[in-house]
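Per Swiss-Prot, the features are:
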type	residues	note
BINDING	E71, E100	Mg(2+) 1 binding site
BINDING	E100, D121, L123	Mg(2+) 2 binding site
BINDING	D121, D124, E283	Mg(2+) 3 binding site
BINDING	D124, G125, S126, F127, N215, Y247, Y267, K277	substrate binding site
Amino acid sequence: MDHAGDAMRTDLMTITRYVLNEQSKRPESRGDFTILLSHIVLGCKFVCSAVNKAGLAKLIGLAGETNIQGEEQKKLDVLSNEVFVKALTSSGRTCILVSEEDEEATFIEPSLRGKYCVVFDPLDGSFNIDCGVSIGTIFGIYMVKDFETATLEDVLQPGKNMVAAGYCMYGSSCTLVLSTGSGVNGFTLDPSLGEYILTHPDIKIPNKGKIYSVNEGNAKNWDGPTTKYVEKCKFPTDGSSPKSLRYIESMVANVHRTLLYGGIFLYPGDKKSPNGKLRVLYEVFPMSFLMEQAGGQAFTGKQRALDLIPTKIHERSPVFLGSYDDVEDIKALYAAQEKTA
């Protein structure tokens with residue numbers, strides 16, 4: 001009998017064990033972050049279960065309401081938002097919540113407050129629920145100096161001030177990708193155990209990739225640098241092979257593929273939407289944080305994405321993120337345009 005093999009299967013690094021290990025490296029830690037993360041993990045498990053049962057439980061379809069973005073809300077959108085608001089509030093470790101689904105920030109009542117602000121998109125890509133495409137939850141976490149007097153200014157910070165970010169993808173498996181500021185790790189939900197197990201330790205994005213990811217349906221409205229970059233991807237003049245286009249209307253799915261395989265994800269501004277469509281706080285910042293922690297880059301067309309200082313909780317920004325060298329290429333095109341302007 002292969003006892004060594006059995007031992008390998010039983011020595012599982014769960015996400016809770018991983019975070020506790022990280023906590024032990026910081027003597028000043030009191031366990032607040034671990035408790036907060038456990039509530040986020042619980043929310044992800046609940047939403048994963050709801051997504052898997054959506055068709056049977058009649059959660060597919062519209063809820064008959066629109067969110068602050070003017071988008072029709074799916075039933076799962078509404079449910080997912082309620083799940084995360086309740087999970088984060090009951091943790092006793094948050095003071096402000098910003099959700100894609102809510103017009104205003106949620107200020108936690110004083111008796112339940114903690115030192116963290118959480119920004120999140122409870123169900124990114126929900127447009128694809130009905131057809132079974134991978135969708136996900138995106139989140140970012142800030143820490144405040146004084147939670148008793150916390151204001152909106154404590155949330156409107158540059159992304160570089162985040163203490164953690166991640167996403168949970170609900171697809172063929174349920175995968176949670178997390179960074180606490182010291183690299184990126186991926187955990188997969190084992191349904192038989194009900195635990196997220198470390199399956200992708202220390203994720204590093206390749207320096208250059210063979211894939212680009214963009215909605216080419218908007219090409220006629222793109223600016224010069226984006227148009228030139230995509231042309232270069234399809235028709236390289238340096239003798240290299242063309243890049244392959246891979247795109248689906250789910251940021252989590254696109255970014256997850258880019259993170260693992262390399263390449264670049266582009267959501268530029270255009271003539272119709274000069275500021276792009278992705279929200280800074282709970283889409284651009286968390287994904288940019290993860291990309292940088294994995295060795296990649298994130299750029300807005302003007303500056304490093306994580307240096308942006310938002311002025312509104314639902315502010316939008318263009319973003320180009322992915323492999324370091326691929327993002328360098330599009331940065332060079334924007335720099336060249338600046339020189340000729």
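In case you wondered, yes, glycine gets a Cβ from its N, Cα and C as well.
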Taking only the binding-site residues E100, D121, L123, D124, E283, which one has a CA atom nearest to the CA atom of Y247 (substrate binding site)?
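Nearest in space to Y247 (substrate binding site), counting only the binding-site residues, is D124.
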If you skip the near sequence neighbours and keep only those at least six away, which residues in the chain come within under 8 angstroms of E283 (Mg(2+) 3 binding site), Cβ to Cβ?
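Within the chain, E283 (Mg(2+) 3 binding site) has Cβ neighbours under 8 Å at E100, D121, D124, I138, M251.
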Within 8 Å of the Cβ centre of E100, D121, L123, which other residues of the chain have their Cβ, at the recorded Mg(2+) 2 site?
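Close Cβ neighbours, site residues excluded: D77, S80, N81, S99, E101, F120, P122, D124, S126, T137, I138, Y282.
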Any idea what DSSP makes of Y247 (substrate binding site), helix, strand or coil?
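Assignment for Y247 (substrate binding site) reads coil.
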For each of F127, Y247, Y267, count the other CB atoms within 10 A of its CB; which of these binding-site residues has the top count?
Y267
When neighbour density is defined as the number of other C-beta atoms within 10 angstroms of a residue's C-beta, which of the binding-site residues E100, N215 has the lowest density?
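Relative to the other binding-site residues in E100, N215, N215 has the fewest Cβ atoms within 10 Å.
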Which number gives the other C-beta atoms within 10 angstroms of the C-beta of L123 (Mg(2+) 2 binding site), all protein chains shown included?
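By my count, 29.
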